[in-house]
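One structure below.
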C-alpha cells in the first residue's frame, strides 16, 4: 500500500467580521452559502508531512491559494492525482470558513501572469450564443418536410406550435437553471453526477455524446440531399462518399481553429440561411389559399415519422450546457440566449411551413428532405431555389460545427472530471479540445452511411434515455439542495419542478414505444456498452495503464454528493 501524505491548512483571522443576511430563495430559515468579504491581516500555517511548517501572511487570504498540493485520496491505497492548485476547501451547504470565494460566474482576481485558474478565457457573448443554440436545435426549416408527408399540413403546423410548449420550453428552462448552477464544460454530465453519482454521470455522457455524433452524421446527408437536385452526380456512389469525407474534414478543421470563430460563423450562416425564407414568405402572400392549411386525414398518419421529425427538430436545447464554461457571464447570458433562440427556432419552422403549404398545391408524397427548394422555385423562381439550396448547405455546415463543438467540449468536461482519460482534456493552441474533435469526427464518418430516417430514430432513442436522467437529476437537486445558489431559478417549487417534467416524460415514452425493432436493438446494445465501459475505465485507472486526473478549479462532486456539502465555483 502506498503511504498517504497528510496536509493540513489552518487559517486564523484576528477578527470575525459581521455578516448581513443574504437572499436565500424565499426560505427564511435557510442559511446563506455566500461568505461575506472581510478585511484585515490573515495568517496561514501549512503543515506538511515530515513536520515542515510554512507560514505566509497576506492582506486578504483568498480561496485561490498559490500552493500546489497533491492529495492522495484513493481509498484502495492507489494514488489518484488531483491537482489542487487554487482549490478552495469545501464547506457544508449554507456555511462558510471566512475565506473569500469567487462566486458563480464572477471573474477571478487577475493573477500576476494574467492566467485564470483553468487557463481558459470565457469568450462567447450573447449573439454568437443565440445562433449556436439555434444550430444545436434547428438550423432552419431544412428537414421539417417529412412532417407534412407524415401527417398533412394541419398537423404539421399544429405540431410546431404545440410541441415546443410540451418539450422545448421545459427543456430550455431546465437548461437555464442547471447551466447557470454548474457553469462548466461538462454540462449535463455534471448535473447527473452531482445528483446521482459518477456512474450515472458517465452513462449520461456516453449516451448524449453518442446521440450527438449520430445526429452530426445526418448533416452531410442533408447537405448532399439539397445539392443533388442541382448536382445529380452527388446522389450516390463514390462522388457522394468523397463529398462526405471532404466536408467532414473541412468543418472539423474549422472547429479546431476556435469556438469564437465557430460562434460568429454561426451568426453569418444563420442570417444567410434564413433570409431566403423571409423573402419566400412575402412573395407567397398573394398565392396563399388558407383552406390548404386545414387538410388532415387521421387515417393515413405515420405517427412514428411525424413524432420523430418533431422531436428531432425541437430537441437538443441542453447541448449548449457543455459550452457553459466558455460563455462570458453565463448566469445572465445563458438564460437570455435560450429565450431568444426559442423564439427564433419556432418562428423559423412555423412561418416557412405556413408559406409553403398555403401557396403550393398539396402533394404529400413530395414533401421529403429538400422539398423546400422545389417550393421556392414554384413560388419565386429558379433564383430563389438556388438560394434555398445554398442556405441549406450553409445551415448544415452550421449545425455540423456547432454539434461537434458541443460533443468535443463535453468530452473535455468529462476528462476534467476524471471520467475519461486525461488526454481528452488537452486543448490546442486555439483553446479547443483537439482529441475530442478527432473522436467526434471519426464517429461521424463511420455513421454517415445511414439513411436520414435511421439516423433520426437512432439518435432520438438514445437522447430520450439521457433526458430521463436529466429530469431525475433536476428534481433530485431541487430536493437535496433547495438552498443552493441558482443564479437563474425556475419560479416553481419541488412539486412544480416535478410537474414540469411530466409532459416531456410522457412524450419520451411515446417516442420510445414507436421506435422500430431495429432501432431499439441497436440503441439497447449501445446502452449496454456504456454500462460496461464505465467500470472498465475505472479498472484502467486503477491499474494506471492510462492517466486520469481531476482539474483543481472544479468542485468535488463526489464529496458534495456523499456529505451534502455545497458546490462552490
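Using the three backbone atoms N, Cα and C, a Cβ is placed for every residue, glycine included.
What you see is a predicted model, and the numbers here were worked out from it, not measured in a lab.
Listed in TrEMBL:
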REGION    1-41  region 'Disordered'
COMPBIAS  1-14  compositional bias 'Low complexity'
TRANSMEM  126-144  transmembrane segment
TRANSMEM  150-174  transmembrane segment
TRANSMEM  186-203  transmembrane segment
TRANSMEM  262-283  transmembrane segment
TRANSMEM  338-362  transmembrane segment
TRANSMEM  435-452  transmembrane segment
TRANSMEM  458-478  transmembrane segment
TRANSMEM  490-513  transmembrane segment
TRANSMEM  519-537  transmembrane segment
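Remote same-chain partners of the transmembrane segment (490-513), defined as residues 6 or more beyond its termini with a Cβ less than 8 Å from a stretch Cβ, comprise 166-167, 170-171, 173-174, 176-177, 307-308, 311, 460-461, 464, 467-468, 471, 474-475, 478-479, 482. For the transmembrane segment (519-537), the partner stretch with the highest count of Cβ pairs under 8 angstroms, out of 126-144, 150-174, 186-203, 262-283, is 186-203. Only residues 6 or more beyond the boundaries of the transmembrane segment (338-362), in the same chain, are considered here, and those with a CB under 8 A from a CB of the stretch are 126, 130-131, 133-134, 137-138, 140-141, 144, 147-148, 152-153, 156-157, 160-161, 164, 168-169, 172, 175-176, 274, 277, 280-281, 284, 287-290, 292-293, 295, 313-314, 317, 320, 372, 375, 378-379. Between the transmembrane segment (186-203) and the transmembrane segment (126-144), fewer than three CB pairs separated by 6 or more residues in sequence fall under 8 Å, so the two stretches do not touch. With a cut-off of 8 Å between Cβ atoms, the residues of this chain six or more beyond the transmembrane segment (126-144) that come close are 156, 160, 168, 222, 226, 260, 262-264, 266-267, 269-270, 273-274, 277, 309, 312-317, 319-320, 323, 327, 333-334, 336-338, 340-341, 344-345, 348-349, 352-353, 369-370, 372, 391-392, 395-396, 398-399, 401-403, 405-406, 452. Residues 171, 174, 177-178, 181, 188, 191-192, 194-196, 200, 203-204, 207-208, 210-212, 214-215, 218, 308, 311-312, 315-316, 318, 450, 484, 494, 497-498, 501, 504-505, 508, 511-512, 515, 519-520, 522-523, 526-527 of the same chain lie 6 or more positions beyond the ends of the transmembrane segment (458-478) yet place their CB under 8 Å from a CB of it.
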